[in-house]
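S.K.: Take a look at this one; I'll ask things after.
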Amino acid sequence: MSARTTPTERDPLLVRRTTGHGEDDVETNGKISAHSKTKVGPLDIDKRTRWGILAGIWTATFLSVKTLVPTMIPAISSEFNKSNQASWLGTSYLLATCTFTPLYGRLCNVLGRKRANHTAVIFCGLGVLMCGLSKNLETLIVARFLAGIGGGGLMTTSSIIVSDMYTLRSRGLTQGVQSVFGGLGLGLGGPLGGLITDWLGWRWAFIVQMPLFLLSYVLTSMNLNYVTEGKGKSAKEMIKRIDYGGSFTLMMAVGSCLLFLSAKYNEGLPWDDAFVIGSSVVAVIFAVLFIIIELFVAPEPVLAPALLKQPIPMLVGCSNFLVATCNFSIMYFLPMWFQTVCLTSASIAGLHLLPNSLSMSIGSLFAGWVMHATGRYKFINLIFGIFPFIGAVSIYMLKIDSNFWMQWFSIIPLGFGNAVVLQTMLNDQMAVGTGFGQLFRGVGQVGGVAISSAVFQSILETELKKGITGPDAEALVKKIRQNSRLVPNLPPDLRAIAQESYKAGLKSVFFFACCMTLLAYLVRLPIPDKHLDSGPGNHKHHGQNQEQEQEEREAHSQAPSESATAVETDTGRSTPTMRGHSLKDNEGEQDDDMFEDDDTTDDERLRKTQGERTRRLSTYDDGNGLDPQEHYRKPTA
C-alpha cells in the first residue's frame, strides 16, 4: 500500500494517483481507465474502455435503424385486415423519433451520457417487446410509438458520445464505422424480418431483439463513465429548461398532419368531411404554436432560432430532410413491389434490401477514410452526391420482367451515395447541434413514409376502381387494399388488374423519391468546404495532429491553473478538470457558432470562463453546481 504524500504546486490537479482507500488507480499506457475511481475526460480513457463503449452504442445503433417492419407490413396488416392503415406502423415510430430526438441532446447534458443512453435503450426495448406481444393493430401502433421514443435517442446519444471521444477529423472515420452498423441494420433488417416472418411469424421478429438490447445496456453500464464539462445550474434547474412545450406542439402538429393524410388518402374521406377539416386545422394551429414557442417562449428551444437565421445550417437541415424523405419512401415500399407486383415471398423481398446495406456500409467507410486522409469533404459530396438520384431513377425504371442485375443492384447507387452524403454533412460536436440535424432528418423520415403512403393509396384506389367493375366492385377494391396478401391468390384476370394497380401506385412513390433526391443535391451545392482539423469543443488547432493535441492536453494537466472547474459525471459527483478536456458548451447564444470555427485563444477562453457555473448531472450539489460534501484542493500560489 502506497503512502499518501502532501501535494505540491507541481502535482497535477486532475490525476489523483491514490484513492481514499490507498489503492492505486488503474492506468493503461498513460490512459486512465474508466473503471478506475479517477474521473477522466472522454479523450483520456484507455483503448479497451473506448471499444467497450463503441460496441455498446453501435449495437444500439444497429437496433434503432433496422428495417424489419417494411417486409412484415403485408403479414401484419393482412392478419388484422387493415393494409390501408399499415403506414401507421412506420409513421408512429418515426413521429416519436422526430419528436423526442431533439430532447436527447439536452438530456445528455442534464442526465449525463450514460443515463440518457440508458433511457433510450429502455424505451426502445420495452416498445419492441410490446410489439411482439400485441394482439391488435392499435396496440402495435402504440408500441411502435414507444419504441420510437427510444429509437431517436439511441442515434443522438451515440453521435454525441462518438463526438466526445474523437477529434473532428478522426471522427469521420469512426462515424463511418458506426454507419456500417446503421447500414447493416437498414439492409439486414429486411431479409431477417422476412425470413423470421416466413419461418416463425412476425411477432418473433420483434421478440428475438431483446438479448441485443440487454447486451447494449450492459456494455455501456460497464464502460461509459467518463466526465464532460459544461456550464449551467444544477440538474434540477436544467430539467426545467427542457423545451417541453416545443416538443409537445411539434408532436401534435406532425401527428395531426399524419391524421389528415391518413383520413384523406388511406380512408378516402372527402375534403368536406369534419375529420379531414379538423385534423388539417389542428395541424396548422400547432405548427404556428410551435414556431411561437421556439422563437419567444422556450429558454432552450429544440429548434434553435439562431441556427434558422444562418444559411449553412438551414441548407444542411434541408438536405437531411430531403435525403431522409427519399430513403424512407424507398425503404418502406420497395419490398412491397416485389411482394405484390413480382409476387415473391417476404424473405426474398427483404433480401432485395441487402445490396443497399452493403453499399451504405462501403460508402460510409469510404467517406470517412477520405475525410480522415484529406481533411476535406466538399469534393466527394459533389461527385458522389448525384449517385442517389441515379439509384432512384433505376428503381423507378424497374419492370415485372426486369433482368437479374436491375432487380438486385439498382439500389446500390442510392445506398452508396446517401451514405457518403450523410457522412459528409458533418454537424458540430455539440449535443444540441446534433439534435438540430437529427430533427430535420426525423421530420423527413415521417414525411417520407406518410406522403408516400398517401400518394400510393390514392393511385392504388383509383387504378383498382378503373379496372374492377360490377355490383361487388367496391367491396372487392376495399378488400384488395386492406389485404395485399390476397393478390397472389386472386383469379388470373383480377390478379393482373391488382398487379398493375399496385405497380402504378408504387411507381408514383419512386418518382416522388427521384424528385426529392435531385432537390437534395441542388440544395447542397452552395454549402462551402471546411477543413476538419478541429478538436472536440470546436477548438481550432490548425495543422495539429492527434499526437500534438494529446501532448498539449498532458501539458495542461501537469501545471496548476485557476481555470479548474467542476465537471459533469454520470454518478452525480464533481471533480476539477482542465480546459484542455472540455467540450464547448452548447447553451443559448453559442448555438450561433455551430458551423463556424472558434478563433478564441486559450488565454482568452480562460479569462472568459472564470467564475462560470457548471451544469450538473444530479442534485447532489450547491448553487454553483459543486458537491458541498467534497472538498477540492486549490492551486497553490
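Every residue gets a Cβ built from N, Cα and C, even glycine.
Not my notes, these are from TrEMBL:
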type: COMPBIAS; residues: 559-577; note: compositional bias 'Polar residues'
type: COMPBIAS; residues: 588-602; note: compositional bias 'Acidic residues'
type: COMPBIAS; residues: 603-619; note: compositional bias 'Basic and acidic residues'
type: COMPBIAS; residues: 628-637; note: compositional bias 'Basic and acidic residues'
type: DOMAIN; residues: 50-531; note: domain 'Major facilitator superfamily (MFS) profile'
type: REGION; residues: 1-28; note: region 'Disordered'
type: REGION; residues: 533-637; note: region 'Disordered'
type: TRANSMEM; residues: 51-73; note: transmembrane segment
type: TRANSMEM; residues: 85-104; note: transmembrane segment
type: TRANSMEM; residues: 116-135; note: transmembrane segment
type: TRANSMEM; residues: 141-163; note: transmembrane segment
type: TRANSMEM; residues: 202-224; note: transmembrane segment
type: TRANSMEM; residues: 244-263; note: transmembrane segment
type: TRANSMEM; residues: 275-299; note: transmembrane segment
type: TRANSMEM; residues: 311-334; note: transmembrane segment
type: TRANSMEM; residues: 346-367; note: transmembrane segment
type: TRANSMEM; residues: 379-398; note: transmembrane segment
type: TRANSMEM; residues: 404-422; note: transmembrane segment
type: TRANSMEM; residues: 504-523; note: transmembrane segment
S.K.: With a Cβ cut-off under 8 Å, give me the same-chain residues at least six positions beyond the ends of the transmembrane segment (379-398) that come close to it.
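M.R.: Answer is 323, 326, 330, 334, 337, 363, 367, 370-371, 406-407, 410-418, 420-421, 424-425, 507, 510-511, 513-514, 517-518, 520-521, 524-525, 527, 529.
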S.K.: For the transmembrane segment (51-73), which partner among 202-224, 311-334, 404-422 gives the most CB pairs under 8 Å?
M.R.: 202-224
S.K.: Summarise the model confidence on the domain 'Major facilitator superfamily (MFS) profile' (50-531) as a single mean pLDDT, whole number.
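M.R.: Taking every residue of the domain 'Major facilitator superfamily (MFS) profile' (50-531) together, the mean pLDDT is 82.
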